Each structure stands twice: as structure tokens, then as C-alpha cells.
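I have placed the structure first, in the form of C-alpha cells, so that the comments after it can refer back to it.
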Amino acid sequence: MGERTVIPFGPQHPVLPEPIHLDLVLEDETVVEAIPQIGYIHRGLEKLVEKKDFKQYVFVAERICGICSFIHSLGYCLSVEKVMGIEVPERATFLRTMWSELSRIHSHVLWMGLVADGYGFESLFMHSWRLREQILDLFEETTGGRVIFSACEVGGVRKDVTVEQLQKIKSTMISFEKELQEITNVFLNDASIKSRTKGVGVLTKQMAYDLGAVGPTLRASGVASDLRSTGYAAYGKLNFEPIIETDGDCYARTAVRIRETFQSIDLVKQCVDMMPEGDVRVDVKGNPDGESFIRLEQPRGEVLYYTKANGSKFLERYRVRTPTFANLAPLLEMLKGCDLADVPVIVLSIDPCISCTER
Amino acid sequence: MSILSMTKTLMKSVFHGPYTLLYPIKKKEVFEHTKGSIEIEVADCIHCGLCQRNCPTGAIQVDRNSANWSIDRLDCIQCYYCVESCPKKCLKMGNQYSAPAVKKVRDEFTNARVSGN
Amino acid sequence: MEQQTLRMISPEDLLSETLNLKNSGYRFVAISCTKVGEGLEISYSFEKNQDFVSLRIVVEDNAEIESVSCFYVPAFLYENEIKELFGIKVKNILLDYNDNFYKIAKKTPFNEKKEAL
């Protein structure tokens, strides 16, 4: 029976990308228990609905997080449109889907770079982020911003895309896919990466379901649950299947995200081919009254939006439940029984985004 | 299991040269829609105040009596909601971002035809 | 599209209804809380195979409710959050932070008590 020590991990740590604090209870280099502590960047964004009217709040909603910014603004617009019963033109739904999938590609490639940095593989980190620049240039050309686009509004999208820009998106996707093959080959086949991720942080299928895991964390344990199958925005017309792996360790989670990136490249090409003609926005008159629950699929998992409105131009309540909040409980389970040196790899494998979690 | 999987990428980057631009000697090209800073044609402005009411951060101040229109450059979040709400279409989103500053910068524009006469 | 149902239940039935859903294999999604009139409305959301069920209870400001973290472990995070932001008392949470979850300066900011004049 070894001695127990408590080591604090975070919120500032050279290998940790997010300000989360974990108190690790160790017995001779093996983690026995972990107690989380968050609250370092709580900004109280949900309380701003009392001050900004429902058309201005979309700019606050997209600034909840930098990486998942477009999908937060899409979720806000879908919730208010569901409460008010607005029907958005078809071209707008396809543009929103295309931008969501490009956001997913950029988020997964960013995560691949961070996890490579977590192992100490700096050159792989730099190459992943070099590829990501091509996606950010596409965003700047079509919407005007690289990270925060301000492209979605209640009633449609604010900017239209020309035929030349659509052709450029398609040709960029084809060349991006070839370059991405070389980088992901390193992630999946390199001996040093395999020795650090295989068998580390195992989450069985029953535990993942009981503890409320979402997103790639759930899909890497064998549960086929992907919110895009419910068919919101234009996903009902696109052709795809949820990607699952069965091992439940860090290697499986990496493989799920890499395969999802290639699937998203294919979905973007499908969107460009099927883009219908027409308007991109409708006028919105009146105030929202009612409530709604909307669930979307962010790159990190399932996100839930609850909106309640009472007829005035200010919403009464807007609640966001982000995927990292739901993945914190499985994280504590995964950390039991691992070595101290594996802790950064496991924390990075759930793709934490604490800025979304605490709003 | 391979240990030399990164070799192809590393060899390509040795012969390619740097992927980054030598800023400030070579600047990055901007696109047509790139968000920079708000510009106004103050001669067309009727000082109705719609842009001030719609601005999410309160960066725009409009004074009808002195025919003044001002914007706080560091409060502006480049959302261009004011550009869409102006009835006279005298606001535009320019491509060049406002320079970083040490203190708050307020740019003022006065309509010389209406005031002073 | 998915199925969404909302059921109103009384606070005493909360634990038995949650146990029924857990035995039928429903997955825990979230707990949401809103201020309504002088009381609070709390919605517990569950999901199974694209069937989305929400249980809703309406309680007074200083009522006490039981925690569901005995059945669903991740509920402890949500219950600490609504305890700190809305001021409702929750008994027997698996890991109770005692109002130190978000470490905010103001007490219960979403449920501000008006001072009697």
C-alpha cells in the first residue's frame, strides 16, 4: 500500500491548453482519483439576454467560444426561428451546413495539432496548423472573418457566395485532402504515437453511456450516436453515416476524429454540388413568444440550447449546455488507474473547450 | 509500426522553403469581404440614430443638434449591423483594420453642410 | 426529425420517474433552470434513440429538492451550477462544492432578490 500524495494540475501548465484545475490523488505515480475545479473564465454570458435584444444577441452567442463559434450562432438562430415559426430559404440552409462542416474540419485539425504538441511532437503540430491556414483563408474569402464570422442571423445568412468562390472551395478541398493524408498517416501508424495512446484512458461502452459522454468520446466506445442523423439544417439531404470505433482508448478517439475530418471534406463537396439557387434571407417581424429545445452536433459532441421567450424583444432565458460539460464526468473515470505522465494525453483526448463550458 | 513515417513531409518542407510571409516587407492580401473598420460618407447622413440604437456594444454616438457622428474604434466588434440598418446607406465596411492603440480612440465626423453654415 | 416530449411532474415524483427512465435505458442529457414568477422551473432532459423526454417541476424559491446524482452520476455538475446561480437547495449531491463551483462575486445572480423598501 503506497503513500498518497495530492498534486494540483492546472489551470496554468505548459502542456494543458485549457484552464481546468484537477486535484490528482496519486499512489506512487498511479492516479487513484481526480477532483475537477472549473470557474476561471465564467463570464455570465447567459445573463446578457436581459440587455441585448434578440437580434443583437447573435453577436454575443457566437463569441461564447472561438473554435466552435459558427455552430453556436447557428444554434441560436435555429432556436429563435423555431420559437417564431420562421422558414429559412433553402440556399441559406445549404450555406449554413457548408460553413458548419468547414468549421468541423478546422476544429479537428486544430485538435490534431494540440494533441501532437501534448506528446512533444512539435513538427507534426506545426504541419497540422499549416494545413489549417487554407481553411481559414476560405472563411475570410466567403464571410470576411477568420475565426468569428458574423455570418448567421435570425432569418438566414448575411452574405451570399458566388459561383467562383464555390469552385475555389471545391478545388481547395481536393488538394487539402491529399496533403492531409500524409499527416494523418503519421498519427495512425507512427510507433511512438501508438505506444503513448494504445490502451490509455479506456472507457467501456456501458460506462460511456451511463456517464453521459457525448461526441467522439462516445463514438470511440462503440455507441452510434450522431445528432446530424436527426436531419437539422440540410443534413437530411446529405449522405453520411456515424463513424464508430470499439476500443474506447485514446487511439480510438484519434482515429474517430481523423475519419470524421475526411467525411466532412466529402460532405462539403456534396454541399457545393447540391447548392440550390434563391434568396439567402427573409425579413423578421414581431417578437418571439414560446420555448424550444434544440440539439446540434458540434465538433466536440452534442450541444443543447433551451430558449424561452415571452413576447418582448428581450429573451427571457437562453441556456447552453456544451459538450465538454457533459464529458467532464467520463474524464474523471478515465483518469483512474493511469500513470501521471498519461494525464495530459487523456485530458487532451476528450478535446476540452473550457470557454464553452463556463460561458 | 513505422518509425520513419514523417520523412516524406520533412523532406518536402526542406526543399519548399518557408510557408510564412515576410511581414512587414510583404503584406497579406485582403479579400473583398474582409472585415476592417467602418467608414462613413458623412454628407449623406441624416442623423436618425438607427445605427446607435442597433450597435451591440454602443460604440456609435450620434448627435442630431451638432450634426456629429462618432465611433469608438476599440469598442467596435466589426459586426456591420450598422451598415445594414442605415436607411441612407452611407456606412461601409472597409478592408483595413484600425491600428492598435494604447488608449481608447474615438473618430469623429461632422456634417459641415448642416452645422456651422 | 426527432421526437420531443415534455411532461410536468410534481417534485415528490422526481426520484421515482427518474428511476423508471434509467431502467428503460435513457441517457442523461442536461438540467435547465428558469425563473418563472416567484418560483423556479427546473427541466430534467433525457434521451434514447432520438426520443427526447423532459421532466419539468415547478418549485418555490427556497424549496429543497433531492439530487438525482444517485442514479445519474454526471448530474452533480449541473446541480452545483443551479445551486450557485439560482439559490435552490439540493440535498445529497454526490460531490458538493458548497457554492464554490464558479466562484462568482455576487450571490445567485440569476435569481436576484429585490430588497424590501
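Every residue, even glycine, has its Cβ placed from backbone N, Cα and C.
Counting only same-chain residues six or more apart in sequence, the Cβ atoms lying under 8 angstroms from the Cβ of A:Glu46 (Mg(2+) binding site) belong to A:Arg317, A:Tyr318, A:Arg319, A:Val320, A:Arg359. Feature annotation from TrEMBL assigns Mg(2+) binding site to A:Glu46, A:Val320.
Look at TrEMBL and you will find A:Cys65, A:Cys68, A:Cys353 tagged as Ni(2+) binding site. On its own chain, A:Cys353 (Ni(2+) binding site) has A:Glu18, A:Cys65, A:Ile67, A:Cys68, A:Arg300, A:Thr322, A:Pro323, A:Thr324 as residues at least 6 apart in sequence with a Cβ closer than 8 Å to its own Cβ. In three-state terms derived from DSSP, A:Cys353 (Ni(2+) binding site) belongs to neither a helical nor a strand segment and is classed as coil.
Taken from TrEMBL, the feature Fe cation binding site applies to A:Cys68, A:Cys356.
Annotation comment: TrEMBL describes A:120-283 (among others) as domain 'NADH-quinone oxidoreductase subunit D'.
The helix, strand and coil residue counts that DSSP assigns across the domain 'NADH-quinone oxidoreductase subunit D' (A:287-359) are 27 helix, 26 strand, 20 coil. Residues or ranges marked as domain 'NADH-quinone oxidoreductase subunit D' by TrEMBL: A:287-359 (among others).
Within 10 Å of the C-beta of A:Cys68 (Ni(2+) binding site) there are 27 other C-beta atoms, taking all protein chains into account. Listed in sequence order, A:Ile64, A:Cys65, A:Cys68, A:His72, A:Arg300, A:Val320, A:Thr322, A:Pro323, A:Thr324, A:Phe325 are the same-chain residues at least 6 apart in sequence whose CB falls under 8 Å from the CB of A:Cys356 (Fe cation binding site). Summarised as a single figure, the pLDDT of the domain 'NADH-quinone oxidoreductase subunit D' (A:120-283) averages 87.
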